[in-house]
Amino acid sequence: MTETAKRPLYVPHAGPSLLEMPLLNKGSAFSTQERIDFNLQGLLPHNIETIEEQTERAYSQYNLCNTDLDRHIFLRSIQDNNETLFFRLLEEHLEEMLPIIYTPTVGQACQEFSKIYRTHRGLFISYPDRERIDDILRSATKNNVKIVVVTDSERILGLGDQGIGGMGIPIGKLSLYTACGGISPAYTLPVVLDVGTNNPDLLNDPMYMGWRHERVSGAQYEEFVDLFIQAIKRRWPNVLLQFEDFAQTNAMPLLERYKDELCCFNDDIQGTAAVAVGTLLAACKAKGEKLSEQTVTFVGAGSAGCGIAEQVIAAMRLEGLDEAQARRRIFMVDRWGLLTDDMSNLLDFQQRLAQKRADLGAWGGQQGDDLALLEVIRNARPTVLIGVSGQRGLFSEEVIRELHRHCPQPLVMPLSNPTSRVEATPQEILNWTDGQALVATGSPFQPVQVGDRRMPIAQCNNAYIFPGIGLGVIAARATRVTDGMLMAAANALANCSPIVTRGEGAVLPALGDIREVSKRIAVAVAKQAQAEGKALQTSDEVLNEAIEANFWFPRYRAYRRTSF
């Protein structure tokens, strides 16, 4: 516990209003003196409880819920009543509850957002209010916001356009910043940009709570986002802004436009890439190989897949390959087949990853012919197969067996969310590779029984990366998030892998260890920021103290009454 946590907190609120503030409410844990000082006598049951007793009751109530969505709603209700209790409950049951507060359950919560809505959290900034964004940001009661997660809800997980229902994603992401990375909830703010929706189910739903209008696009959309960004810079000039679940056509352009203007990153592109590269590095370390020796096939060439590919290329170059050599080891397969330089329908970021058709002469096929996944596997002979397609079953038995035929121990990463959209299940992959594959998934899966072995499955979850990045940025007061900082995060994650440290187990650490993993990532990120001149230089001792000082624990502090 930090020295700050031991000191009393001076609070100007009292009575029912204090009980209605999730960041300050202790419920039945208010002491006798606090009940007197803050006019709470008679507003709470007589017995004074510890947070341990409150947590035990909350968990017993949680276990009465019948469905995962019910559990999600229950946890969110606690969060909106008492944030300290909410995060204490998560701390004690993180592996069990992480799939409930985030993927995969959060996807259903987004789809049902208007039906299960209970109370306000975060900011809803709609296009008709575009001239009042500064006023909207001023209405936020948190003056010391350090992390904002924003979405326009156009590409929520693998579910597409969810309108304002996408607010569930920033809320869930920021819950993980706190639960996994120790960022105080007082420093976080979820935001949804309501630019309309093209989802007919929402437009025709009488309960839909968002702006009933088709999505704004083009110049109007870009101007609206820029109004928001500039207002954020005025309100919180040192904030870390995370773009979340923007559509492919907007995600990369927004990142490219603003990455040198403020401290920001896109978790779908950069966070996903960092955790994927960390997973690849861990697998290579375990096999005694180099990343630069691998050949990687991607299924899904959207912004996420291409973002991972670019970071893999950057990592290969750090091991000595030149750019052309690294790019020849990357094969991107999308709905048109293998991306090649003779295709006319590729986006800019896809063109950089297209293979030269002239180099594929031995594969067969004429100019313009599609090269399907199986043909790519057969000819490229990859050692790594990564799925970010959102299409269930694309990793067929024939594909996986062909992969294994050329590589005794392939790394297979079906990363699509939610579980219903995964390219193949771990059980299928291990059955088809005689238990030899290394597997990391995007959604959580239970351990798989293969013969007499029970094999844990690593979840290639961005929660391994972004909380540590946030903690490192805040502790070092970094002004930007750079590619070097992301690579430092990936390397730190790889060094925490059980198959690296112990020679057995899953490719990634257990989620129960994620808070310590986040601290290690934070140190690596902060040091890299200092090395690149994006943060003030300090000694290692001062940096470690800053990380510990910024690491929040869900514990109640003593309160003292003060006036406004």
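Placed from the backbone N, Cα and C atoms, the Cβ positions cover glycine too.
Checking the candidates D226, D260, D268 against Swiss-Prot: the one annotated together with E244, D245 at the divalent metal cation site is D268. Listed in chain order, the residues near the divalent metal cation site other than E244, D245, D268 are T151, R155, I156, I169, F243, F246, A251, N266, D267, each with its Cβ within 8 Å of the site Cβ centroid. Same-chain residues that are not part of R155, D268, N417 yet have a Cβ within 8 Å of the Cβ center of the NAD(+) site turn out to be I156, L157, G158, D245, A304. On its own chain, Y102 (active site, proton donor) has G172, K173, S175, L176, A463 as residues at least 6 apart in sequence with a Cβ closer than 8 Å to its own Cβ.
A coil conformation is recorded for N417 (NAD(+) binding site) in the three-state DSSP classification, outside any helix or strand. Proximity to D245 (divalent metal cation binding site), judged by a C-alpha distance within 10 Å, picks out R155, D268 from the binding-site residues R155, D268, N417. Taking Cβ-Cβ distances under 8 Å and a sequence separation of 6 or more, the neighbours of R155 (NAD(+) binding site) in its chain are D161, D245, F246, A247, Q248, A251, D268.
According to DSSP, D268 (NAD(+) binding site) sits within a helical segment.
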